[in-house]
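Here is what TrEMBL says about this protein:
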DOMAIN    26-327  domain 'Hcy-binding'
BINDING   230, 312, 313  Zn(2+) binding site
């Protein structure tokens, strides 16, 4: 379905105009400046890995070239669920990452980025959505390549995004604020709005730089939107963004705020997040948040002053639909996918079993405590010893430390 409208014209008959033309091509900053809620999409690499199009480990996005129909369909599902942003599937699409992780298809980063932009734009044009191009952390930074070399990698990706005329840019999934600053500085060369999102929690980046300081540095580098994504559960991420917001305001700076967390509960994670959990990445299902958890997340994020609210790894379209439904009063409408979902279980009133019909109410689902169904499953795990504080991490990173 497209948001195409027909206006009767006495001379020429019906004129077709797009939804975007009616809205006057409002960009990300125009929407956020108007205090509108902008809903992001979900975690493409995890979603497509589960569907058989991405390989766990490398997590690279060749599927934009090899299986465009799968990427397009996932975009459409997030659009139906309420997403305003179609983020191009360009995660880890730099040449150094593709080569570093043994990608043997001879598909270049430029080919992936171009194909991903085309798919995201195609679907964005089907609704009231913006298209974003994104860059993320690089193997070159951890290999101690120079600032010039790392920035050249970002610039190569940026050239594609400029060619494809993305609506705005996202520097996401950065563990080190220095590299994130470099990415923002390069993306700012485009003149387009820039969002910067780090994969950190309240403990800060991998060098211990607090979230507040990270945010201040990113705003000074030129980011108009700052926040966090991935590695931690929604409420942990919201807490980290609150710290960012407080520090930016204390510094007398201005910014908008974004959050795109995991769809997994991570109360037992250390500062490197879910990748140190023994369940990562193939046994995380018992930790998945319910749609009702997502209602709580959306409200907490909104109440914290965050207006760009989306998801990362583990988020499926139904999670985004829950976010959109919770914030429907603020947005003024429900997503298209809500046609197949009664609010707070209302459609269960049509169920054949009376005890299931009795669950068609908000207080039931809002207070549910789901069981795992696994008698020997612990409620919490112990992160790997050889992680951020362990010998393996130190051996790999002691020579990489940047003062």
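The count begins at 1 with the first shown residue.
Yeah, the Cβs are placed from backbone N, Cα and C, and that goes for glycine too.
Taking Cβ-Cβ distances under 8 Å and a sequence gap of 6 or more within the same chain, the neighbours of residue 313 (Zn(2+) binding site) are 43, 45, 46, 230, 262, 263, 264, 274. The Zn(2+) site, placed at the center of the C-beta atoms of 230, 312, 313, has further neighbours from the same chain whose C-beta lies within 8 angstroms: 43, 46, 173, 199, 229, 231, 260, 261, 262, 311, 314, 315. Per-residue confidence over the domain 'Hcy-binding' (26-327) averages out at a pLDDT of 96. Comparing the binding-site residues 230, 312 on other C-beta atoms within 10 angstroms of each C-beta gives the minimum for 230.
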